[in-house]
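Visitor: Here's a structure for you.
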Amino acid sequence: MGVVRTTKTVRLVTQFFDTYEHAIGVLDLVEKFKEEMNRSTIYRILDRLEDEGKVHSFLGANGLKHYAKCKDCNHKEHVDVHPHFQCTNCGMVECVAYEIKIPALPDKSVEQAQLLLTGICANCKD
């Protein structure tokens, strides 16, 4: 594979994840960056960032992908195995700082695990 360039659009998305504390749905990202890039560019950038271990994805309660910044992942492996929480009132989604240990399964190799917790966030409880 040749040199992978870091374009202006890649920098925009990377900078967004560097400052955003929660997870964000793919449609929200498309809406956020609609003036700077088209939908297919956003999807390609997200795929690239996920391959590089910079973001991880999971399915939200609506069945759509959400993305959040990785902490200790790299291009070889994703080590972010934690639950995510989605507020059923406001839709806020965040990573839960609790690591899940996936047990070894005889004669099987686990490639991915997802756990989505839904409920009411602290802001909506007030």
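Each Cβ is built from the backbone N, Cα and C atoms, and glycine gets one as well.
Feature table excerpt (TrEMBL):
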- H78: Fe cation binding site (BINDING)
- C87, C90, C121, C124: Zn(2+) binding site (BINDING)
Visitor: Can you count the other CB atoms that lie within 10 A of the CB of C87 (Zn(2+) binding site)?
Guide: 18
Visitor: When the number of other CB atoms within 10 A of each residue's CB is tallied over all shown chains, which of the binding-site residues C90, C121, C124 has the maximum?
Guide: C121
